[in-house]
Amino acid sequence: MEMDQPSLKPASVLTDPYGRILNYLRIALTDRCNLRCTYCMPAEGVPFIEHEQIMRFEEILRLVQIMLPYGLRKIRVTGGEPLVRRGTISFLQKLRQVGPELQIHLTTNGVLLEDYFKELVEISISGVNLSLDTLNPQKFKKITRHDSFVKVWRALQQVLDSNIPLKLNMVVQRGLNEDEIIPMAELARQHSLEVRFIEQMPFDGLSRKIERPFTGEEILQTLRTAFGTLESTKKQNGTAQLYKIPGFKGTIGIISGYSRTFCSDCNRLRLTSTGVLKTCLYDRGSVNLKDLMRAGYDDARLLKAIERAVRERHKDGFEAEKESFDVQKLSMSQIGG
């Protein structure tokens, strides 16, 4: 692979051709998960990546150290389910040492969250995103193919009782759980959390198209019908369009990942569990940084590889998808949810 020579005057921040500053890195620690959510993977699961193909923790830490001087401000650790990987808590502790001022967030399905919550508090985790698509235990089992609702609900309550900011993620699926939009939103009435409704995206490992996704606009209309006027309070660089409802302690968010309405100010880079750097959820990946490290690249050359990927970033997810015809064959657990 032909790479540019290291620059003598590196940029102070990573900026793409459209002026978007990339200061947020999403890191998938593993493709493995202890659930089998219907919108993420088939019932039989997907072939797991061989262990030697997964990035080592020290390799991830090295990339973070390279990117820190160039504007990296926020990291989200995802999977698969990050807590199923042995050593994740130790990695998070080292990540905090590397970047004391970094915002370090965790996205989890909550099944194992109780087991590690004390350690997460000790490392001053900046926030938790908890995936929960229903408040009905039977429907939870149908969606996740796993009987773990009680454990997830206890974990949710544990986060609410702490000072850790909580975002609750619900993937809305037509004919399955759109009737729970209002009950889920009601959680924000009594609690200072962000309840986020997410359009279903076509990454289930089967290349299935979503014929009639329940759109962000439909979600918004459902909320307006129930609660009346919603005050828009969108924050900069957020994927979610945020709303305040009078009398609610928390906020409501709508993430139009399928409609792709947030591309214009997207500040994210993604690092898959195999080391592929993605500048968009819908692209096929720009460069495999793990392979470059194992080939002996020094930090300067790795930085140039990252800079090159940023320079070649697509304008939006639609443009990226046109050049990545096979990306929908992947499951969200393989991409990094």
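Backbone N, Cα and C define each Cβ position, glycine as well.
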Which of these, Arg56, Arg76, Arg189, Arg294, does TrEMBL list as part of the GTP site with Arg26, Thr107, Lys167, Arg268, Leu269, Arg270?
Arg76
In TrEMBL, the residues Gly80, Ser131, Met201 are said to bind S-adenosyl-L-methionine. Which of Tyr39, Tyr116, Tyr243 is said to bind at that same site?
Tyr39
Expressed in Å to no decimal places, the gap between the Cα atoms of Leu269 (GTP binding site) and Met201 (S-adenosyl-L-methionine binding site) is 18
For Cys263 ([4Fe-4S] cluster 2 binding site), identify the closest of the binding-site residues Cys40, Arg76, Gly80, Ser131, judging by Cα separation.
Arg76
Between Met201 (S-adenosyl-L-methionine binding site) and Cys40 ([4Fe-4S] cluster 1 binding site), what C-alpha distance do you get in Å?
9
When neighbour density is defined as the number of other C-beta atoms within 10 angstroms of a residue's C-beta, which of the binding-site residues Cys263, Leu269 has the lowest density?
Cys263
